[in-house]
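Trainee: In case it's useful when we look at the structure, here is the feature table from TrEMBL:
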BINDING   A:LEU7, A:GLY8, A:TYR9, A:GLY10, A:THR11, A:ILE12, A:GLY13, A:SER14  NADP(+) binding site
DOMAIN    A:8-124  domain 'Aspartate/homoserine dehydrogenase NAD-binding'
BINDING   A:LYS100  NADPH binding site
DOMAIN    A:132-310  domain 'Homoserine dehydrogenase catalytic'
BINDING   A:GLU185  L-homoserine binding site
ACT_SITE  A:LYS200  active site, proton donor
There are 2 protein chains.
Amino acid sequence: MINIAVLGYGTIGSGVVEVIETNHESINHKIGEPVHVKYVLDKRDLSDTPVASKAVTDYDIILNDDEVSIVVEVLGGVEPAYTFATQALEHGKSVATSNKELVAEKGAELLALAKSKNLNFLFEASVGGGIPIIRPLNQSLTADEINEITGILNGTTNYILTKMADEGTDFDEVLKDAQNKGYAELHPEADVEGYDACRKIAILTSLAFGMQVDYEDVHTEGITKITETDMKYAKALNMSIKLLGTSKKIGDNVYAMVCPMMIGKNHPLIGVNDVFNGIFVNGNVIGDVMFYGAGAGKLPTASAVVADVIDAAKHKERNIMQIWSEKKLHLADIGEFEHKFFVRLPKDSDRSKVKEVFGDVEEVSAEGVTDEFAFVTLKMKEKDYQEKIKAFDSVLGMIRINVK
Amino acid sequence: MINIAVLGYGTIGSGVVEVIETNHESINHKIGEPVHVKYVLDKRDLSDTPVASKAVTDYDIILNDDEVSIVVEVLGGVEPAYTFATQALEHGKSVATSNKELVAEKGAELLALAKSKNLNFLFEASVGGGIPIIRPLNQSLTADEINEITGILNGTTNYILTKMADEGTDFDEVLKDAQNKGYAELHPEADVEGYDACRKIAILTSLAFGMQVDYEDVHTEGITKITETDMKYAKALNMSIKLLGTSKKIGDNVYAMVCPMMIGKNHPLIGVNDVFNGIFVNGNVIGDVMFYGAGAGKLPTASAVVADVIDAAKHKERNIMQIWSEKKLHLADIGEFEHKFFVRLPKDSDRSKVKEVFGDVEEVSAEGVTDEFAFVTLKMKEKDYQEKIKAFDSVLGMIRINVK
């Protein structure tokens, strides 16, 4: 019997209990012994829930119960999750978590602690919800050196951008619709400003390159400035606008950023729409691979957490995660990062000056947009773009184009 | 030091040696000790190759060398691969293989043998080339019960179908072009008749449902009957024609087949073009996930083989593969399998009879096709379709439509 404790009975916590119950037969078969939820910790009163008999509010009961070998942490946020996870490992219990804030900030430390105790700290659900990406990076793409990871890592913003593109409506209107449908929070900053995607690309970058990436170092822009007009231009260019978290290794430099970007019809992420997530990886021998699925949601996320529980149960006293070093990875200045730039200027802008400043550009016209002048630059460094664009007083908009 | 032997110095075998050499630093770091190719077995004279000093023709040298702990089998075909793999396991060596014929026919037996010896028999590269799919099914989707696996599993046919759709050329012409470019064999039957995809869906189905699926039992149709006209209709329907290997569990029945099918714009496989492969999986809690990448090719395939070598090296004396039982999985009669059917009849066909026989159908007209009458049926059982279509003397073509 594998006894586990679930910390937090919110959406994901109740999903974990549900998945273990629904698929208990196949799960127990895979582990080789039955898995049993012995405790559910929550501050709230759970007496009216199906887990009333398992409910505790005092974490010490879990820590001091030697029968509990795995702790599932699905509280979210750094504290008390960090203290709870540390204590669990110190008490000889492996930890499975869906908590991106915790992993982004304390992942290296908790991985090292788990390794030192011959336990496991697993976090498949912290990036991409149900999509297997942490384990493939850790165990499948091991023959490769990673050149690039680029992902659509946030379902809310992908839903908003998909709706804006399909229906020709503006950001504010679609956000309201998403909030009504429960796809976006009342306070949507974490999603629409890119903070959520930022933590996820920090985790993926740390794992891919083996050193700690501080999410605060990742240049992050959200989607609030994307307009109906941008969508018309994207359509004219046969591209889609996506909020991407991207990191690339070029020579010894690692660049990472989160921002809305245009991608073309041949990019593997082009078909990732609505609330779905997709993660594209390029390795030096495997080439391009892509992983697609539900990036959030109760059951998909719980599926990933329970897969971690199964892995932890099958690897008692055996550490299986490739750890990343606590040593800080100094991200390179994104000024050196190269893209093409899609730029919108007022109609009366001096076109000969555009040519003079940017050289050959591709002019773009979009259906129903008559009072602007828009163009796409050649591939160039961010800092060169930022320097050159100063020559123009009024810039209506700029979106980077991801060039593979 | 991990000493390995590579059986077969063809495309993949030389790729394995190259990958280990190119990425030796990161690979050795991940294993924790250096990996070294001690032998390369090939019938041919390798004295002019970079592996001349490692070349052997007598397999006993490898079997009797206790320093060799992992054997890489990339010969292809059932024999001598089966004998070699069996002997390796009996001599205490784990096996990594890219050989779909071997895994489809002898996988259950070799998995059981490896388990009994506390060794590993790993075969990530046998399906989907470089795409991680065996390990995700084995280790990531463990919390789920699988409802469906549908894949574009053969790069050659996907290249041909993509070209036919993009360029409006006929099968024979595109095949010739693919042969000239080296994407298709001189004797292309294994690809174009679906035999290759058949073995791969048999492997995936065995793994997903835990019992042996005999590939001979999988109903298999190739793409040789697909025409330029079919492509025009697909375009009119806003769909793509793909060669799919598909297996679905409905109630207690498992259906499996390989055939060209139409998929719509919302199917996750719709963007899988050219020589790329994609594998779609639906689980009862995770929902839809999809894995995309290079389905063949020297380095991508070698990447998957070397990832297996790394896993085997990290798991000495510890069996890690979920095995499937040697017990035969009796596939259900595909007569009960439900699809929509796209049907082409001569122009003078009796349309009131179509309505009488098939009920409500959706008529389809395609640009430049004037001498036919085409329609899409409602979702119905294969056997019902086959019975009803007998009412029509002349049928120009039929393609199943995959309805999610």
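Note: Cβ is positioned from N, Cα and C throughout, glycine not excepted.
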Trainee: Just checking, which of A:GLY10, A:GLY13 (binding-site residues) has the fewest C-beta atoms within 10 Å of its C-beta?
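Mentor: Each of the binding-site residues A:GLY10, A:GLY13 was scored; lowest Cβ tally within 10 Å is A:GLY10.
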Trainee: Using DSSP reduced to three states, classify A:TYR9 (NADP(+) binding site) as helix, strand or coil.
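Mentor: Where A:TYR9 (NADP(+) binding site) sits, the three-state DSSP reduction gives coil.
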Trainee: Give the sequence-ordered list of residues that share a chain with A:LYS200 (active site, proton donor), lie 6 or more positions from it, and have CB atoms under 8 Å from its CB.
Mentor: A:LYS100, A:ALA104, A:SER126, A:VAL127, A:GLY128, A:GLY151, A:LEU153, A:ASN154, A:GLY245
Trainee: Going by C-alpha distance, which of the binding-site residues A:TYR9, A:THR11, A:ILE12, A:GLY13 is nearest to the residue listed as 'L-homoserine binding site'?
Mentor: A:THR11
Trainee: Of all the binding-site residues here, A:LEU7, A:THR11, A:ILE12, A:SER14, A:GLU185, which one's CB has the most other CB atoms within 10 A?
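Mentor: Neighbour-count leader: A:ILE12.
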Trainee: For A:LYS100 (NADPH binding site), what is the secondary structure state per DSSP, taken as helix, strand or coil?
Mentor: helix
Trainee: Measure the Cβ-based neighbour count of A:TYR9 (NADP(+) binding site), defined as the other Cβ atoms within 10 Å of its Cβ.
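Mentor: So the Cβ neighbour count for A:TYR9 (NADP(+) binding site) comes to 23.
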Trainee: Near the NADP(+) site, what residues other than A:LEU7, A:GLY8, A:TYR9, A:GLY10, A:THR11, A:ILE12, A:GLY13, A:SER14 in the same chain have a C-beta no further than 8 Å from the centroid of the listed C-beta atoms?
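Mentor: Residues close to the NADP(+) site, other than A:LEU7, A:GLY8, A:TYR9, A:GLY10, A:THR11, A:ILE12, A:GLY13, A:SER14: A:VAL6, A:GLY15, A:VAL16, A:ASP42, A:VAL74, A:LEU75.
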Trainee: Can you tell me the mean pLDDT for the domain 'Homoserine dehydrogenase catalytic' (A:132-310)?
Mentor: 96
